[in-house]
Amino acid sequence: MTDLRSDTIRKGYERAPNRSLLRSLGVTDREIELPFIGIANAFNTIVPGHTHLRQLSDKVKEGIAAAGGVPFEFGVIGICDGIAMGHEGMRYSLPSRENIADSIELMVQAHRFDGLVCVGTCDKIVPGMLMAAVRTNIPTIVVTGGAMLPGSSGGKDLSLIDVFEGVGKVAAGTMEEDALKELECCAMPGCGSCQGLYTANTMACMTETMGMSLPGCAAVPAVEAAKLRIARESGEAIIPLVKKNSTARDIVTKKSLENAIRVDMALGGSTNTVLHLMAIATEAEIPLSLADFNRIADEIPHICHMLPAGPYSMQALYRAGGIPAVLKRLEKHLDDCPTVSGLSLYQVARNAMIKNEQVIRSLDAPVSPAGGLRILFGSLAPDGAVVKSAAVPKEIWKHTGPARVFESEEPAMAAILSRQIHEGDAVIIRNEGPRGGPGMPEMLSATSALMGVGYKNVVLITDGRFSGGTRGPCIGHVAPEAAVGGPIALVQDGDRIAVDLFMRTIDLLVDPEVLTSRKAAWKPVMRPVTGVLARYAKTVGQANLGAVLR
C-alpha cells in the first residue's frame with residue numbers, strides 16, 4: 001500500500017495534538033494506523049429519498065471496518081425537488097448541487113481522508129457527490145439509495161407524476177378534487193426516490209454505468225435487503241481501491257462518460273443528465289460537448305420504455321436485471337472500462353441476465369431507433385437546447401406556431417390552467433436560466449398542467465429546466481439564456497417559432513434586422529435576490545457547459 005493521505009494528520013511527534021483529537025473519538029491504537037474513510041451521508045427527514053440513508057450508512061461503516069478501515073461519517077444537505085417544486089424554493093435546488101460538491105471537498109481535504117463513500121439518492125445530491133469525487137480525485141464509491149415502490153389505487157401503479165398531472169385534470173374539470181386527494185394519499189407509499197426514470201434514478205443509472213457504484217446498485221429499490229448488502233459491500237470495496245490508489249478519475253474518463261450517455265439514450269433518461277454529466281466532465285477536466293450527445297443518440301436505440309414516457313417503473317427494471325442487464329444488451333456499443341467493483345464493465349455485462357425482454361427490448365425491436373434525448377440547435381438556441389424526445393409523441397416532432405411569452409413560470413402556469421393557451425402555441429418561459437432564475441428552476445408544475453389539461457399541440461420552451469418526470473414537447477436549457485441576452489430574450493408574442501426534432505433544430509422565424517433592433521433596446525431582467533442566490537447569479541455559467549460556477 002502506498003503512503004496514505006491521512007498520514008499527514010497522524011504521523012510523527014508533531015501530530016500528537018491531531019492524534020489526541022482522534023483518540024477523543026474513540027480511535028484505538030490499531031485503528032490509528034489504518035486507512036481513514038469518509039462517509040458523505042445525505043440523510044435527512046424531509047426528503048423521502050433520504051429518510052433511510054442512515055441505515056445504509058451504518059452498513060457502509062460495517063463494511064469499512066470489516067475490510068480494515070476506519071469510517072468517519074459527516075452530513076451532506078439534500079433538497080427534495082418535488083417539495084421545492086412550483087414556488088420560490090425551486091430556485092435553490094440546482095445551487096445546492098454546487099454546495100454539496102463544495103462541502104464534500106472541504107471535508108475531504110481538511111481531514112485528509114484516504115477514501116470516500118458517498119451515500120445519497122436524489123436529483124442534485126448524487127451529481128454533487130460525483131463532482132466532488134472527481135474534483136478531490138481520491139478513491140470513491142457511490143451508494144445510491146434506491147427508488148420508492150410504486151403507489152397503487154384501483155389496481156393501477158402510481159407515481160408522483162400522476163399527482164402533478166392530476167392538478168391539471170382538476171383545473172380542466174376532468175377530475176374531482178376527491179379523486180386527486182386519493183392520488184395524493186396513495187401515490188407515494190414510503191422511502192426512496194420517485195418511482196420512474198426521473199432525474200434521481202437516471203443519475204443512479206449513470207453512476208453505475210460510469211463504474212462508480214457496485215453492479216446492480218442503481219435499480220435495487222430502497223426497501224430491498226439487497227440495498228443493505230450493496231451498502232456493506234461498498235464499504236468493503238473502498239479499501240482495495242485505497243490500497244491500489246485507484247482514484248475517481250481513474251474510473252470517470254471520457255470513455256466511461258460516453259458509456260453513461262449510451263445507457264442514458266437507451267433508457268430515455270432525464271434531460272437533467274445532460275446538465276449533470278457536463279458538470280462532472282468539467283470538474284474532471286474531460287472534454288465533453290453537447291454534440292457528443294447527438295452523436296451517441298444516433299448510435300444507440302431507445303430500448304427501455306420507462307416512466308414517464310412509458311409504463312415501466314424502476315421496480316420493473318430491477319426485476320428485469322437492472323443496469324447490468326442493460327449493459328449486456330448494449331455491450332457491443334460500449335467501451336470496456338474499470339469499475340469500483342474490480343470488474344471491468346464487460347465482465348459486469350457478461351455476468352448479467354436479461355430477465356424481461358419487454359422491459360429491456362432487443363436492439364432490433366426498440367421503442368425508437370434513436371436515443372431518448374436530443375440536443376437542438378438553431379437561431380433560438382445557438383448554444384443548444386435539450387428535449388426528452390422519448391417522451392414526445394411523433395406527431396408533434398415538427399411544430400411551427402406563435403409564441404406566447406412569459407417572464408417566469410407562475411404567469412405561464414396561470415394561463416395554462418385558465419385555458420388562455422391555444423392549440424398550436426409555443427409557450428416561452430424565459431428569465432428562468434442559471435443566472436436569470438437564478439438557479440434554473442424546473443417547470444414540472446407547468447408541464448404537468450399542460451398534460452393534465454389535455455393540450456395536444458402545444459410546445460413549451462424555456463431557458464430553465466424540466467423535471468425528469470416531464471413528458472411531452474418540452475424543450476429546456478435554451479442557451480444562451482435570456483438574462484445574458486440570448487435570442488430567447490428577444491422573442492415577442494406572436495413571433496413564429498419552428499421546432500423540428502427530426503432535424504434537431506429550433507428557430508425564431510423573425511427577420512435578423514428586427515432582432516438587431518430589439519437587441520439594441522433590450523435590458524436584462526434580473527430578480528432581486530440575496531444570500532446564496534445572489535452569489536450564485538454572479539458566478540454561474542451557462543447550461544450548455546453544465547451550469548457550473550466559474
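Note that Cβ sites are derived from N, Cα and C of the backbone, with glycine treated the same way.
Per Swiss-Prot, the feature active site, proton acceptor maps to Ser467. Residues annotated as Mg(2+) binding site in Swiss-Prot, with sequence analysis given as evidence: Asp81, Asp123, Lys124, Glu442. Residues or ranges marked as [2Fe-2S] cluster binding site in Swiss-Prot (evidence: sequence analysis): Cys122, Cys194. Taken from Swiss-Prot, the feature N6-carboxylysine applies to Lys124, supported by sequence analysis.
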Proximal residue to Ser467 (active site, proton acceptor) among binding-site residues Asp81, Cys122, Lys124, Cys194, Glu442 (C-alpha distance): Glu442
Inter-residue Cα distance where the pair is Glu442 (Mg(2+) binding site) and Cys122 ([2Fe-2S] cluster binding site), in Å: 14
Same chain, 6+ residues apart, C-beta under 8 Å of the C-beta of Cys194 ([2Fe-2S] cluster binding site), given in sequence order: Gly49, Gly82, Ala147, Met148, Ser159, Leu160, Ile161, Met188, Ala200, Asn201, Gly469
Cβ-based neighbourhood (8 Å from the centroid) of the Mg(2+) site, residues Asp81, Asp123, Lys124, Glu442 excluded: Ile79, Ala84, Met90, Ser93, Leu94, Cys122, Thr199, Ala200, Asn272, Arg465, Ser467
Three-state secondary structure, Cys122 ([2Fe-2S] cluster binding site) (per DSSP): coil
Cβ neighbours of Glu442 (Mg(2+) binding site) where a neighbour is any other Cβ within 10 Å: 31
Collapsed DSSP category at Glu442 (Mg(2+) binding site): strand
Nonlocal neighbours by CB distance (under 8 Å) for Asp81 (Mg(2+) binding site), same chain, sequence gap 6 or more: Met90, Ser93, Cys122, Asp123, Lys124, Thr199, Glu442, Ser467
